[in-house]
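Notes for the one structure printed next.
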């Protein structure tokens, strides 16, 4: 009997071994994903003494299996007996942190970082730090790259002597012969600096930052830029100019466009880190250069930051800096040869109006908006249309309509349907601010024309647009202006236009109310029930079902139009 029980207890690990040796990758992957269940069956002691050694010693598998294993082990602490035994998870994760496939190593490092938080300070020094040292001094670059991500999680919790050893190992990796290792160290430099004492940031990290930012490999230099921004947030204001800015100025003029791109991409974070004085003296000229860069990718990244950069300028000199230094560059970008640059600028340029005020917007920005509204690329026009509300808040709807309305009307008939769609979506807001008279005069015919557009998405959006307009202007306006035109489409020779009539009635019946629906819309719907096109008749039935609650809103309606033939909705026989 005891032997049988022993055999039963070995069963889970025997099944695991069989499945992990199976030729089917999916079966092996499924087995790994069930590790927690197997560990529960084995209980904590056998998980530590049998399962983990087996995983450490015998798994050389497909990358997707190893990736699943690395992820599973990160949440295994409870299954090995809690924090007291968490160090048992280190051997398999150490092996996984040295494999060739990057995603597996990254997942192993992520799990190691996770379980490091569950180590006591003593266990960190006894078990975790030796693992980091082994990885940092490994023969293969794979282990050394993994080590770079582990220094910051153990450094704050160890003794001064061990801290000194960790700093030395990190310094060694920053000057490693292999570019991939230097790249990993460069990417983790800022993170490591955040856990160091300020004196060591100045004495150790700054020289490493300077060296990495001057590395022969641009992939190392660009990662150093991101770390430099993090380092800048740690230093007192008086040290920034001497310790960080020379290197960052050099990066903004780097021979590699990828490094300059990184500077442009991180510019708002850098601006926040260095403060107003350095921004005025150093960052404004650097930003100008980035906006004028010879590479379109750099100009695109810089253009995306225009609004944020201008908002964060010192308030006392903001307008002067923008008008003198930034706006001339913006004017050049409006006519840039690259569509991505213009599109990036169009997505943020409208925001400058709230910063510069009404007079400057009318004089300097409106002409630029008009140029971009007429740009050959639809995405540029779309980005301008989508942000018109920013300008409206500053200059008012009248000025906006006089300046931009002709261009907007032109875009309403644009060949690109997405541009037309963007105009439709903006129309209710525009109409509400223009007022009913101005709308009827300038835009009403445009809204009706959209109902017979050849693109369904436009017709659908135009229907919703009418409903929103009626909500703004009222049922009486709808009865006099919209409803007759909509119902007139019921006699159109194109069945799609006749169906649009039904869609409009669906949308308008509730906002127009029972009286208009019963008196004007219902007869037209019932007449259409004999349409020769089956799809129209089908939509008549759906329409009747939709407007039924509106028709039933009074006793008179129930009496006059009660179904007589067992129908669920009104039909032509009932009527």
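Glycine is treated like the rest: Cβ placed from N, Cα and C.
What TrEMBL records for this protein:
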- 85-270: domain 'Phosphatase 2A Regulatory Subunit A helical' (DOMAIN)
- 89-127: repeat 'HEAT' (REPEAT)
- 166-204: repeat 'HEAT' (REPEAT)
- 205-243: repeat 'HEAT' (REPEAT)
- 244-282: repeat 'HEAT' (REPEAT)
- 283-320: repeat 'HEAT' (REPEAT)
- 326-364: repeat 'HEAT' (REPEAT)
- 365-403: repeat 'HEAT' (REPEAT)
- 404-442: repeat 'HEAT' (REPEAT)
- 482-520: repeat 'HEAT' (REPEAT)
- 521-559: repeat 'HEAT' (REPEAT)
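Assigned with DSSP, the residues of the repeat 'HEAT' (244-282) fall into helix, strand and coil as follows: 32 helix, 0 strand, 7 coil. Residues 170-171, 174-175, 179, 182-183, 185-194, 196, 198, 250-251, 254, 256, 258-259, 261-263, 266, 269-270, 273-275, 277-278 of the same chain, all 6+ positions outside the repeat 'HEAT' (205-243), place their C-beta atoms under 8 angstroms from a C-beta of that stretch.
Outside the repeat 'HEAT' (166-204), and at least 6 residues removed from its termini, the chain residues within Cβ reach (under 8 Å) are 129, 132-133, 136-137, 141, 144-149, 151-152, 154-156, 158, 211-212, 215, 217, 219-221, 223-224, 226-231, 234-235, 239, 243. Residues 52-53, 55-56, 59, 63, 66-67, 69-71, 73-77, 80, 83, 134-135, 138, 140, 142-143, 145-146, 149-150, 153-154, 157-159, 162 of the same chain lie 6+ residues outside the repeat 'HEAT' (89-127) yet bring a C-beta within less than 8 angstroms of a C-beta in it. Secondary structure of the repeat 'HEAT' (89-127), assigned with DSSP and counted as helix (H, G, I), strand (E, B) and coil, comes to 30 helix, 0 strand, 9 coil. In terms of DSSP secondary structure, the repeat 'HEAT' (404-442) contains 34 helix, 0 strand, 5 coil.
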